[in-house]
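Features as listed in TrEMBL:
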{"type": "DOMAIN", "residues": "168-253", "note": "domain 'DUF6534'"}
{"type": "TRANSMEM", "residues": "20-37", "note": "transmembrane segment"}
{"type": "TRANSMEM", "residues": "49-69", "note": "transmembrane segment"}
{"type": "TRANSMEM", "residues": "89-109", "note": "transmembrane segment"}
{"type": "TRANSMEM", "residues": "121-140", "note": "transmembrane segment"}
{"type": "TRANSMEM", "residues": "160-183", "note": "transmembrane segment"}
{"type": "TRANSMEM", "residues": "195-222", "note": "transmembrane segment"}
{"type": "TRANSMEM", "residues": "228-249", "note": "transmembrane segment"}
Amino acid sequence: MATQPSVTHLFGPFIESLGISYLLYGIGIAQACIYFVRSEHDSKWMRRITTVLIIFETAHTAVLFRTLYVYSVMSIDNPALLADMDWSVPTALAISIPLETIVHLFYIYRIWTFGRSYVMAIIPIIIYIFRNGWFFYTVIEIIMHPTWEAVHTTSMKRAFICFLSSDVLVDIFLASGMVYHLGHSWSRFKRTQSVLYMLMIYAINTGVIFAVTNSLALITYLTKGDTLYFAAFLTINSKLYANSFLGLANMRRVLRKKMDTPIIIGTNEFSTRRREQGMEMTPVGVEITQETLKVSDSVHSDVKTSRYDLSPRDMSVMDTAVSETHTKVSRNSSNSPL
């Protein structure tokens with residue numbers, strides 16, 4: 001009689017990842033509720049994309065409940081179920097394809113809006129098409145050979161290595177592209193720097209998390225073939241993608257609220273000229289620089305410079321106003337959590 005695989009050894013990490021997935025789904029739903037309540041200024045397409053993402057997330061979670069029930073409850077009466085792959089496993093993988101595609105395309109679109117560089121947008125799209133091709137092949141192979149042993153055949157191993165490696169490349173490229181374009185948008189204005197710095201940190205953190213998760217899935221698939229560690233990381237990964245999308249959607253609202261109003265940052269140096277007799281000051285030209293940073297579907301910074309001819313009395317008033325403005329901006333900058 002063939003020895004049945006141990007639940008603890010084979011399915012332990014996988015079942016634990018299902019619990020983490022349900023937790024991440026709850027966090028995602030909370031973020032979605034916050035977004036829909038406070039997203040009145042967002043475009044319709046953004047709200048629709050978020051709705052579609054939540055639908056896929058809910059379907060993915062519902063299928064995972066079936067997976068948990070089969071391998072933790074039904075297998076008690078019928079241990080032979082542990083050797084076979086339930087239909088919920090390839091179904092969950094199939095649902096994660098459009099879910100992760102939405103998030104990846106959203107980040108690619110973000111890179112394009114920041115830099116307007118077709119090269120930076122086309123390269124990750126090509127890699128992602130290659131990745132999805134191997135992903136589809138993997139799902140089809142699993143449907144045709146629904147056993148856990150079949151996952152480690154030569155053809156399946158090649159497919160897993162290709163699509164997981166492509167995932168790592170896409171995540172690293174997207175994070176690097178976001179940081180690169182945000183760095184080139186760096187401004188001398190402190191409030192703009194604060195917003196860009198926040199976006200750069202978010203891009204780096206999410207990119208690192210995705211790359212590490214996919215790398216661990218690949219490493220455990222190659223080195224821990226007698227366990228389902230790799231399936232655990234794949235299960236969590238789709239939830240991380242959804243939460244990163246919803247987190248960025250809510251962050252855009254916060255940044256928009258912070259930076260949507262124009263502020264006077266400061267003035268250029270006053271050029272004064274004294275007459276040799278009487279020490280009388282003459283009217284001078286003053287340039288006032290005003291920056292308006294709008295955070296909606298992308299970050300746009302508009303800088304306007306106006307020139308005025310001021311009398312000595314006006315200059316005295318302007319000196320006082322500029323001093324107060326610089327004091328206020330410095331106080332706001334020092335209180336910033338960044």
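Cβ coordinates come from backbone N, Cα and C, glycine included.
TrEMBL annotations: computationally assigned, not manually curated.
For the transmembrane segment (228-249), the residues of the chain that approach it from at least six positions outside its boundaries are 10-11, 13-14, 16-18, 20-21, 24-25, 27-28, 31-32, 35, 39, 42, 46, 50, 53, 57, 60, 64, 89, 92-93, 96, 99-100, 102-104, 106, 148, 160, 202, 206, 209-210, 213-214, 216-218, 220-221, judged by C-beta separation under 8 angstroms. Helix, strand and coil content of the domain 'DUF6534' (168-253), in residues and according to DSSP, is 76 helix, 0 strand, 10 coil. Only residues 6 or more beyond the boundaries of the transmembrane segment (20-37), in the same chain, are considered here, and those with a CB under 8 A from a CB of the stretch are 47, 50, 54, 57-58, 61, 64, 235-236, 239-240, 242-243, 246-247, 249-250, 253. Within the chain carrying the transmembrane segment (89-109), a Cβ under 8 angstroms from the stretch's Cβ atoms is held by residues 49, 52-53, 56-57, 59-60, 63-64, 67, 121, 124-125, 128, 132, 135-136, 138-139, 142-143, 146, 170, 174, 178, 231, 234-235, 237-238, 241-242, 244-245, all 6 or more beyond its ends.
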